[in-house]
Amino acid sequence: MNPNQKIITIGSVSLTIATICFLMQIAILVTTVTLHFKQYECDSPANNQVMPCEPIIIERNITEIVYLTNTTIEKEICPKLVEYRNWSKPQCKITGFAPFSKDNSIRLSAGGDIWVTREPYVSCDPGKCYQFALGQGTTLDNKHSNDTIHDRTPHRTLLMNELGVPFHLGTRQVCIAWSSSSCHDGKAWLHVCVTGYDKNATASFIYDGRLVDSIGSWSKNILRTQESECVCINGTCTVVMTDGSASERADTKILFIEEGKIVHISPLSGSAQHVEECSCYPRYPGVRCVCRDNWKGSNRPIVDINVKDYSIASSYVCSGLVGDTPRKNDRSSSSYCRNPNNEKGNHGVKGWAFDDGNDVWMGRTISEESRSGYETFKVIGGWSTPNSKLQINRQVIVDSDNRSGYSGIFSVEGKSCINRCFYVELIRGREQETRVWWTSNSIVVFCGTSGTYGTGSWPDGADINLMPI
């Protein structure tokens with residue numbers, strides 16, 4: 001090869017290499033620009049249009065680092081949309097209940113700073129469960145805990161912690177309240193908080209950490225609400241509120257709330273005579289509540305709420321094994337589905353039940369007269385057959401020698417079904433235990449199971465003689 005040919009060959013090779021390098025630089029530039037703009041866009045599968053990421057509520061923020069030669073590009077993966085809960089899955093089939101959580105608040109109060117509380121409940125967002133209670137504005141080992149048997153003071157606040165975490169000094173005080181309800185609509189928490197004078201109280205509606213709406217007492221006689229979770233379906237949350245006498249006719253209303261704003265109020269209708277402290281659960285497409293009749297019945301009233309047209313129906317649990325306390329013994333008690341049974345109806349305790357086809361699962365104190373012990377069972381035909389009394393799958397949660405208190409339901413959505421869980425308030429201190437001057441509680445929590453289970457008793461467990469006075 002002569003010198004001219006060598007020069008031509010070397011030049012051709014150099015030109016080829018230069019062309020390849022030029023094309024690679026163009027490819028890198030195009031990729032860089034594309035990824036840079038991609039981090040601000042999401043592809044919407046519904047209509048193939050591009051929409052910005054910023055206004056979308058997100059569950060998590062994931063950043064990937066992509067390396068191209070000497071260039072570092074941060075690419076944000078657009079998160080999935082957070083949607084309202086609709087609770088459309090079926091109810092889980094269960095054989096009974098298994099232990100889930102216990103906070104041991106009273107035992108821990110013997111040596112630590114734990115809030116004095118009552119009226120606890122549990123509610124869950126889509127990822128985690130929380131326990132709530134109405135605090136008395138004091139810890140137990142504190143002279144302010146004297147005489148905390150009283151229900152309504154301006155110092156009471158709604159407390160919120162992860163389930164299983166006792167209410168320590170770092171606990172968040174969500175709002176001022178001596179009566180409350182809370183629920184998560186899939187996007188944010190709604191808290192209904194009642195406080196003020198007995199004859200002119202205020203209910204505040206707090207959504208996503210902001211006060212959105214309020215309503216004043218309509219009967220000027222202790223406006224009050226559920227003391228357990230409310231329920232939200234497709235962005236509409238329902239809460240049952242009562243104002244009026246605790247031992248005669250009262251004025252109950254069902255409030256419909258969207259993102260903290262009251263959008264409709266329906267009066268109670270149907271055959272229920274007195275409704276307080278409802279334990280509510282989603283029963284798609286509506287909401288169902290089992291409540292406390294503090295006037296005429298030891299059988300529990302049912303309130304059915306239609307979220308779409310705001311209509312209300314009410315009746316009573318059919319089971320002749322009734323759920324309130326005090327009550328007649330099981331041989332003598334009765335219920336015929338429509339009306340209160342007029343059996344030891346005056347006074348009562350918050351409780352729960354839920355339908356399982358024609359049957360009913362329910363919990364109640366073991367004692368017929370006092371808030372002692374706690375049991376659960378299923379009554380065959382108890383939802384549809386008047387005065388049905390065939391009991392199966394009985395479990396003791398708290399033995400009859402130990403104190404219980406309020407109880408209520410909460411629902412947990414699984415992959416294929418909705419599970420029902422319940423909590424039991426374990427009251428300690430006054431009035432029964434007069435060695436001390438305070439009244440407070442711990443809780444125990446069980447959830448439905450399709451498996452097998454054993455036996456036991458899960459009382460509060462604190463030795464009152466070791467407790468601060």
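Cβ coordinates are placed from backbone N, Cα and C, and glycine is handled just like the others.
Worth saying up front: this structure is predicted, and the values here are computed from it rather than measured.
Feature annotation from Swiss-Prot assigns active site, proton donor/acceptor to D151. In the three-state DSSP assignment, the secondary structure recorded for D151 (active site, proton donor/acceptor) is coil. The number of other Cβ atoms within 10 Å of the Cβ belonging to D151 (active site, proton donor/acceptor), over all protein chains shown, comes to 16.
Secondary structure at Y406 (active site, nucleophile), taken from DSSP and collapsed to helix, strand or coil, is coil. In the shown protein chains, 25 other C-beta atoms lie within 10 A of the C-beta of Y406 (active site, nucleophile). Residues or ranges marked as active site, nucleophile by Swiss-Prot on the basis of sequence analysis: Y406.
Residues annotated as Ca(2+) binding site in Swiss-Prot: D293, G297, D324. DSSP assigns D293 (Ca(2+) binding site) to coil in the three-state reduction, placing it in neither a helix nor a strand.
The local packing around C417 (disulfide bond), expressed as other Cβ atoms within 10 Å of its Cβ over all shown chains, amounts to 15. Under DSSP, C417 (disulfide bond) is assigned to coil, being neither helix nor strand in the three-state scheme. The disulfide bond annotation in Swiss-Prot covers C92-C417 (among others).
Taking the Cβ of C129 (disulfide bond) as reference, residues of its chain lying under 8 Å away and at least six apart in sequence are, in sequence order, S101, V122, S123, E162, L163, F410, V412. The disulfide bond feature in Swiss-Prot is assigned to C124-C129 (among others).
Close to C230 (disulfide bond) in the fold, though at least 6 residues off in sequence, lie S181, S182, C183, L190, V192, C237, T238, V239, C280, each with a CB less than 8 Å from its CB. Under DSSP, C230 (disulfide bond) is assigned to coil, being neither helix nor strand in the three-state scheme. Taken from Swiss-Prot, the feature disulfide bond applies to C183-C230 (among others).
Summarising the annotation, Swiss-Prot assigns disulfide bond to C232-C237 (among others). Of all the Cβ atoms in the protein chains shown, 28 others lie within 10 Å of the Cβ of C237 (disulfide bond).
Per Swiss-Prot, the feature disulfide bond maps to C278-C291 (among others); the stated evidence is sequence analysis. For the recorded site, C278 (disulfide bond), the DSSP three-state label reads strand. Around C278 (disulfide bond), taking its Cβ as the centre, 33 other Cβ atoms fall within 10 Å, counting all chains.
Here Swiss-Prot flags C280-C289 (among others) as disulfide bond.
Just so you know, the Cβ of C337 (disulfide bond) picks up 18 other Cβ atoms within 10 Å once every protein chain is counted. Swiss-Prot lists C318-C337 (among others) with the feature disulfide bond, giving sequence analysis as the kind of evidence.
Long-range Cβ contacts of C421 (disulfide bond) within its own chain (separation 6+, distance under 8 Å): F97, F100, V122, I409, F410, S411, V412, V445, F446, C447, G448. The disulfide bond annotation in Swiss-Prot covers C421-C447 (among others).
What Swiss-Prot records for N61 (among others) is N-linked glycosylation site, and it gives sequence analysis as the kind of evidence.
Summarising the annotation, Swiss-Prot assigns N-linked glycosylation site to N70 (among others) and lists sequence analysis as the type of evidence.
Annotated N-linked glycosylation site per Swiss-Prot: N86 (among others), in sequence order. Sequence-distant neighbours of N86 (N-linked glycosylation site) (same chain, 6+ residues apart, CB-CB distance under 8 A): I233, N234, Y284.
Every protein chain shown contributes to the tally, and the Cβ of N146 (N-linked glycosylation site) ends up with 13 other Cβ atoms within 10 Å. Classification of N146 (N-linked glycosylation site) by DSSP places it in coil, neither helical nor stranded. Positions annotated as N-linked glycosylation site by Swiss-Prot, on the basis of sequence analysis: N146 (among others).
According to Swiss-Prot, the feature N-linked glycosylation site maps to N200 (among others), an assignment based on sequence analysis. According to its DSSP assignment, N200 (N-linked glycosylation site) is in a strand.
Long-range Cβ proximity for G297 (Ca(2+) binding site), meaning a same-chain Cβ under 8 A and a gap of 6 or more residues, is found for Q273, H274, Y316, V322, D324, S335, N339, P340, N341, N342, E343, G345. Per-residue pLDDT, averaged along the topological domain 'Virion surface' (31-469), amounts to 91 for this model. Between the C-alpha atoms of C289 (disulfide bond) and N402 (N-linked glycosylation site), the distance comes to 28 Å. Same-chain residues that are not part of D293, G297, D324 yet have a Cβ within 8 Å of the Cβ center of the Ca(2+) site turn out to be H274, R292, N294, W295, K296, S298, N299, R300, P301, Y316, V322, P340, N341, G345, G348.
Its Cβ placed at the centre, N200 (N-linked glycosylation site) has 11 other Cβ atoms within 10 Å.
For the binding-site residues listed here (D293, D324), the lowest count of other CB atoms within 10 A around the CB belongs to D293. C291 (disulfide bond) is 14 Å away from C318 (disulfide bond) when you measure Cα to Cα.
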